[in-house]
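According to Swiss-Prot, the features are:
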type	residues	note
ACT_SITE	HIS8	active site, proton donor
BINDING	1-8, 124-127, VAL153, 161-164	ATP binding site
BINDING	GLN35	beta-alanine binding site
BINDING	GLN35, GLN130	(R)-pantoate binding site
Amino acid sequence: MGGLHQGHARLIATAVTSCGGKGSVLVSTFVNPLQFGVDEDFDCYPRTFEDDCALAEQAGASALWCPDERQVYPYGTSEGWRLQAPARLTAHLCGPWRSGHFDGVVTVVMRLLGLVRPHQLWLGEKDWQQLTILRHLVNDFGLRVRVRGCPTVREGDGLAASSRNRYLGDAQRTVASAFSSALCATARDVCAGSVDEASAQVALRQQLREAGLEVEYVETVDPVTLQPARPGRSIRLLAAAVRCGETRLIDHVFIMTRSPIVAIDGPAGAGKSTVTRAFAERMGLLYLDTGAMYRAVTWWVQSNGADPSSAPAVEALLEGLEVDLSPLKDGVQTVRVNGRDITDAIRDPEVTGSVSLVAAHPCVRALLTKQQQRLGERGGLVAEGRDIGTAVFPDADVKVFLTATPEERARRRAKDLEARGHAVPDLAALEAQIVERDRLDSTREVAPLVQADDATELITDGMSIEAVIDALEDLFRFRVAKEIWPTPQG
């Protein structure tokens with residue numbers, strides 16, 4: 001837009017850091033007429049070109065682009081192409097109060113992306129509804145750009161940084177400062193369980209009015225769908241819009257009742273362990289390798305000479321069995337059974353060949369599911385397996401079904417076996433083994449391999465490991481803002 005402030009400075013600096021000196025950061029300042037209604041502040045919206053140039057340069061921007069209206073809309077705003085944001089994403093929060101606003105946003109951003117063709121699009125989390133709509137835009141149109149978010153920057157009195165803050169006089173500023181503090185206090189009360197959500201919203205409205213603010217809306221919505229939040233969701237968005245005099249202000253907080261849980265399911269050989277381990281390290285999550293736990297039980301059954309297909313024989317070996325997973329260290333997680341390190345042993349082809357048989361026994365699944373759910377009580381983890389999103393953590397915040405074609409998985413399996421020093425069958429034999437294991441996993445009676453209804457399918461054929469991890473991070477950030485789960489530094 002324009003009227004750059006410290007929130008924009010943080011956004012620019014973060015984008016510069018993400019480039020690592022290998023790219024350029026272009027800052028666009030265009031006051032888009034399509035985003036303003038008839039009685040809104042288009043004519044008086046801050047246009048501070050000299051100050052914007054100085055701020056962008058100091059923050060590390062490579063260039064500042066300040067197009068005029070004809071450059072962006074060569075046929076005029078009434079004759080050119082216009083997009084319409086989906087009604088489901090604009091039915092709540094700012095949508096009903098700013099008719100056509102988000103249509104103007106998606107139209108100008110699509111135009112910007114077409115002209116610039118960036119690799120990344122950096123936006124502030126302050127306007128979460130706008131950020132979410134643009135993430136949907138990029139996903140739905142299959143655009144080759146990553147949408148990245150930057151946490152809300154707050155000024156000294158707690159007010160979210162905004163170009164419109166300069167409209168406020170000293171007295172109004174004092175009144176407006178009650179906005180963010182009231183939101184934060186309400187979120188704390190809801191998280192603590194001292195008040196139910198509906199009552200909290202009523203009380204918040206009253207508190208804002210008593211502070212001298214005119215309330216437009218106070219709503220709690222799902223961060224991804226922007227629809228009223230389903231009871232029991234661990235992460236919800238509490239958002240509000242008020243007017244302080246003639247100045248319209250928006251703000252939000254997240255209500256998070258436990259740390260995030262990510263469930264990654266998929267067939268054997270899809271690369272789940274490799275990418276989930278790296279994703280956990282990137283996002284600061286505990287890595288729960290449930291597949292390794294089933295492999296550990298399989299190894300235990302084989303080492304005791306029991307028949308993996310016999311449920312009574314397997315169940316007899318489970319009493320007192322302890323499977324331990326250590327935290328990741330330099331990308332490696334140690335697996336122990338009753339204190340013995342079997343990290344390498346569980347990757348033996350003999351274990352691989354029997355793990356589906358052992359995992360199909362209800363007694364094994366009951367034991368390990370209970371252990372896994374106990375680890376997940378506080379959240380803050382990512383788990384991968386076959387039934388994480390359907391059986392182990394059905395309330396996971398993010399669910400992904402990671403897969404690849406049997407041909408691709410056979411090639412990956414061959415490389416893994418070769419790297420570990422094992423004999424490598426021909427690709428046709430490996431592919432046949434993979435297809436058979438898929439059949440066993442998907443047809444077993446207890447917790448079969450199926451994609452959860454609310455999971456996102458990610459097909460990884462042709463993708464590098466880094467690209468898959470980026471895709472997982474983007475799915476995570478769709479729901480989990482940096483302001484509530486910052487990306488670890490270093």
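In case you wondered, yes, glycine gets a Cβ from its N, Cα and C as well.
Not measured: the values here are computed from a predicted model.
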(request) Work through the binding-site residues one by one (MET1, LEU4, VAL153) and point out the residue whose CB has the fewest other CB atoms within 10 angstroms. (result) MET1
(message) Looking at the binding-site residues listed here (MET1, GLU125, VAL153, SER163), whose Cα lies nearest to that of GLN35 (beta-alanine binding site)?
(response) MET1
(message) Between the Cα atoms of VAL153 (ATP binding site) and the residue listed as 'active site, proton donor', what distance do you get, rounded to the nearest Å?
(response) 9
(request) Using Cβ-Cβ distances, find the residues under 8 Å from GLN130 ((R)-pantoate binding site) that belong to the same chain and are at least 6 apart in sequence, listing them in sequence order. (result) PHE102, VAL105, LEU123
(request) Could you list the residues of the same chain, at least six apart in sequence, whose Cβ is under 8 A from the Cβ of GLY7 (ATP binding site)? (result) GLY124, LYS126, CYS150, THR152, VAL153, ALA160, ALA161, SER162
(request) Determine, to the nearest whole angstrom, how far the Cα atom of GLU125 (ATP binding site) is from the Cα atom of the residue listed as 'active site, proton donor'. (result) 11
(request) Restricting to the same chain and to sequence separations of six or more, state which residues have a Cβ under 8 Å from that of SER163 (ATP binding site). (result) MET1, GLY2, GLY3, LEU4, HIS5, TYR45, PRO46
